[in-house]
Amino acid sequence: MAGQHLPVPRLEGVSREQFMQHLYPQRKPLVLEGIDLGPCTSKWTVDYLSQVGGKKEVKIHVAAVAQMDFISKNFVYRTLPFDQLVQRAAEEKHKEFFVSEDEKYYLRSLGEDPRKDVADIRKQFPLLKGDIKFPEFFKEEQFFSSVFRISSPGLQLWTHYDVMDNLLIQVTGKKRVVLFSPRDAQYLYLKGTKSEVLNIDNPDLAKYPLFSKARRYECSLEAGDVLFIPALWFHNVISEEFGVGVNIFWKHLPSECYDKTDTYGNKDPTAASRAAQILDRALKTLAELPEEYRDFYARRMVLHIQDKAYSKNSE
């Protein structure tokens, strides 16, 4: 059975009150149009960003192919001055390059010290902060990070989930975003937080037969659009044009639920991590049994988890 292809709903002129009281509790992706983002959507041209962003050194992903794979790491990390990154990312062919003349670039901005500081565009790029308004769709104390993203045209980012809620602000350019529900995790062939299925448009169903069952939610983002991505929703992003985006991440759960060492917003909540460690110990204990018994008691455990932990709410 082929999975459903569903459009992500779009709404225009949503107020803070509408979002927080009626839309946010639904925990579903949503494209918001007509949000006041400040002058960034018209000001952030290649020339302007190069001039204002200056020579600040940034760490980037460089890939010889458009389809980036975090599992096999088919890219390298390099450092460039910000102005050079912007100019190179806007090009199709490069006179100067690291890997090949048609290599792709991807910036995911970091904190000053990524081991202890979260990304915040207002701190790392202070001359740009006056150009952009963050939608006030969460309480200030819930704020986690704001991440600057710059992508070459055609670049595809692997399917993954984040543990924070986020707003993806498409400042310039155009992106296609495909999302999958957390309820469809069993069809996505996960390795950690990421899916092994790279080619989501033409997947190898002999290798990944269950992928066809995953429901696919899709939207196109243009300059000024804002996509709400709830925590745990998987997303795959293609930059159809050179573009600049900003992600704003915030905490859906109380702060004490999150790993305090997490500066990226992608470590599972501490209770989930503890449960996974307990499960690993249980599996080692099960391994002491012969296969026939191990299989039987593993199935009983799965049924017990489904009964006690799966949500009874239908989507």
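Cβ atoms here come from the backbone N, Cα and C positions, even for glycine.
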(request) Given that Swiss-Prot annotates His160, Asp162 as Fe cation-binding, name the residue from His235, His252 that shares the site. (result) His235
(request) Average the pLDDT scores across the domain 'JmjC' (102-267) and report the rounded value. (result) 95
(request) Using all protein chains shown, find which of the binding-site residues His160, Lys175, His235 scores highest when you count other CB atoms within 10 A of its CB. (result) Lys175
(message) Please give the 2-oxoglutarate site's span as the largest CA-CA distance among Tyr106, Asn166, Lys175, to the nearest whole angstrom.
(response) 19
(request) Out of Tyr106, Asn166, Lys175, point to the one nearest His160 (Fe cation binding site) in space (Cα versus Cα); all of them are binding-site residues in the record. (result) Asn166
